[in-house]
């Protein structure tokens, strides 16, 4: 009855009146009558069935259609019953009356419409006319055209001489009238006003058309100039012969009244009128009235520090100065930016106070300069030596004099923005090195996110676990604690071995300045108890030491191997299906031949005549290895007809027709060419892995296939969730490749396992000792866990004695060299059995024959983003039901098998999600949002994601981009953001690299970014750890690990990229060569975008500033109690023991990443000055008010000095009240 009432209410209306109540009663009476009829004829009295019959009768008003609908739904009613029901329903259920109200019917809002109202910033209109990057051919054509124009253009020197001659003739003949001068001035003013109005009208347009606007403005200005003016030949000439310089020339040479006030950025002649200890006053010439300005002591000379102003200038001396800023009649000047002989501007990009700067001034700058920030103007480039130097302190009388001058309005406070009213300290005059600066987070939200950030909304972390209190979640937490215990036990063993060294020898190790022989003996003694070889005993036994041979062995030829694959029998049907459909979903088991054969079949069918065949892979290693295999089968060299492209490595040529690439590289190609015009077919392989890039490609390619009817899209998956892919891609047909499957027996545990690692090893030993022949596959979460399991299992098997059959233990994880990974494909020798202990890479990416037994603990390690803390973490979580089925299927490929699930059946049913959470819903999306914005996609809510990411993650990503300067106050991409999108790096690294161009250290930053992109630069052999540490310490820099990496690369470069040098210094030569390749790629990108690559020499402060500009979110301050505390969330972190700063413990640092092992460790740490945080991230940090308690100080606990007569907390006010 309740269902009937609810349905009646939904059908009739939401606001019940007398008529509505009567209609509800009529509907209930009808339901009751239909139930009676059904009970009389069929013996069924079901209200739900009665309501269903009523709904069918309302949709089908005639007898024939009503009968047909009933038969279609499986009803076996007689004609008499059908006619009675239809007559009864039509009689008792009157038709709905049309609405008499004049108000329009309000439809209920969909979920997406509600989200659009809540988050308007996420649904801004897209910008289809987004600028795309030019390829190398376009750049070459443009350069050739500019060279031709340059050849036709008269020289600049000739134009200057011609102007000077005309000016001299005009001056001598005195034929120019004042009325004509006034008219020309008026025309120029009108022209400027028109330009300003034009800018105001176009200010709200899309930022992607900024380059076109600038070009049109400059063209219009050139058309309005004299007939003798030639068009500019390039962007530099545009600035050189721009309107601003033309006005300056007229100001100097045309006879007209001088201006009343100076212009910011212009250069004037002047005379020194007075000298102070902090600078000198200069009277400007060429103005109508007397105008004086201050040249600060730091603005006098570029070369070195000035101790005494009188050493540089004298009273009455004539100088050339540049106007930096002025407030009222008080002006700030600079001499160091002007050549005192020629008057040339040595630093034209510098601005000091932009408040008075007109929009026309800024419009003349190069729009592609990457120094534009929507939040903060880029910090000025100071003189060559940027290190902070202690200057002479200002005397008390001088301080008093400055205060009196400010109080008398002779000097303005605005000229000294950092002036401290209490102490009278001027900026950069007497900075205190040991000043304790308090930095706080800016509480203000970005304008376009007001009310939506974590400051005003409760942002919860993404839930990737179905039941956080279930047995699987508890087992995952228990395993983390057990792993920590095992690490600590190993550490204690090592320390015990160290303590066993005789004290007489150990003193040479403790002594900071020992003799060489004693140090060597101590180093050797420290190796006691260590493994004498790099390879542990279990690993030597597994891989056969140095005598092992790697590679999958087979007697079949390449053609026979191809014909043995399951997909070969379906070759013709597959090619025909691709021909008949624009989008095709291909489902096939791992090892069926999808990845290697489909591209070749389509190439043989002639699809390469229309373009390339592109195939994406979720992993770099897969793209490289598959391309190598296909090139062998195709009969060509790798890089010719078949090639691959991964980040920082392009192994293709103009002849390439089959191209394998990572999904991220195809996404970058979409950034350049949204329609992918050079491809005829795109194949998204391993789509079931649902990486971030794959999910974004789904939405982009959906649009592309609608624009390009000639393009084919193939989506392949190894799992059985094909229906979801088909529904997403316009109900695309599904092509299934039948695999070799056998029945698999599923076995569950009766009780939950607390230590799944130990349970896995016990299960493996039971299988080995009791079950028939057949190899075993065990799924664990990561490298550390797998190595531990292999070591424990080897020791346990060894303890059973020689009579037990041999068990070959083989680990598999991504960090293992590929040649060692191939050992798992070799069959076990007769009388023995192999056990493969692998990560989830063996679920779908690897096909291992001979597996009959699968041990599944039910866990996987996933990267999860916490939007509250803004940190990505690797977390051990329960797998999904789809993953559990996939793992069990591994046991049924060779023959009937068994799957041992180390969890209960109830846990499988109640604690596991149906499918795993896509990566796009659990990771940081800053890079993804930046790429989408660069493609002109601003409406993120309407973007067709297969599974939409959480709103909290999108908002956090936009907030991060805003603080980096990539988004403006409206949430749209800035020029800096567009530049950042063109680098294949994380946004923070992009910002760091681009800012280094402005700071003049881009050559060093290129090297640092390249070294950060590779892993394991140093290595420590266990038998030579002391020597390796000693060699590494030679490269340590006091500034931090980033500059240590720079020192390593530069030393390698100075030693002519020598491999023996790397071996001698315990440095991975392969990692350095990889960094060198990455550096070349990044250098090419910077050259393509005309970004200067300059060196800072010994001025490493520039490098530190550049690092701070990108990684300011990762700032941490030393905590008085222990370690460091991050500024964002006050999390306790520690400097990693391998860091160059481990023994220095500086006050302020920024780190590259956090690593969770026994503690939260900071990796790649660099010291910073806290002032830089405010300088480079004013939208994120601010200097706390010294008159108020900051949040950090409020959290600190006051600990009194020891008093033997009182309790420690007796001094507190709360205790004093209690005593009363």
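Every residue gets a Cβ built from N, Cα and C, even glycine.
According to Swiss-Prot, of the residues 460, 653, 460 is the one noted as phosphoserine.
Within the set 140, 322, 569, 1022, Swiss-Prot records SUMO2 cross-link at 140. Given the ranges 337-372, 373-408, 409-444, 481-516, the record in Swiss-Prot names 337-372 as region 'Disordered'. The range from 673-676, 677-680, 681-684, 685-688 that Swiss-Prot describes as motif 'DEAH box' is residues 685-688. When the domain 'S1 motif' (265-336) is classified with DSSP, helix, strand and coil residues number 6 helix, 37 strand, 29 coil.
When the alpha carbons of residue 594 (ATP binding site) and residue 399 (SUMO2 cross-link) are compared, the span between them is 80 angstrom. Annotated ATP site 588, 589, 590, 591, 592, 593, 594, 595; additional same-chain residues within 8 Å of its Cβ mean position, judged by their own Cβ, are 565, 566, 567, 718, 737, 739, 847. Distance from the CA of residue 399 (SUMO2 cross-link) to the CA of residue 588 (ATP binding site) is 81 Å. Mean pLDDT across the domain 'Helicase ATP-binding' (575-738) comes to 89 in this model. Distance between Cα atoms for residue 595 (ATP binding site) and residue 399 (SUMO2 cross-link): 77 Å, as a whole number. Taking CA atoms as the reference points, residue 589 (ATP binding site) and residue 399 (SUMO2 cross-link) are 81 Å apart. Across the structure, residue 592 (ATP binding site) and residue 399 (SUMO2 cross-link) place their CA atoms 83 angstrom apart.
Here residue 591 (ATP binding site) is positioned 81 angstrom away from residue 399 (SUMO2 cross-link), judged by their C-alpha atoms.
The C-beta environment of residue 593 (ATP binding site), restricted to residues of the same chain at least 6 apart in sequence and closer than 8 Å, consists of 562, 565, 566, 567, 568, 737. Over all protein chains present, the Cβ of residue 594 (ATP binding site) has 26 other Cβ atoms lying within 10 Å. Around the Cβ of residue 589 (ATP binding site), 23 further Cβ atoms fall within 10 Å across all displayed protein chains. Remark: of the binding-site residues 588, 591, the most isolated position is 591 (fewest other Cβ atoms within 10 Å of its Cβ).
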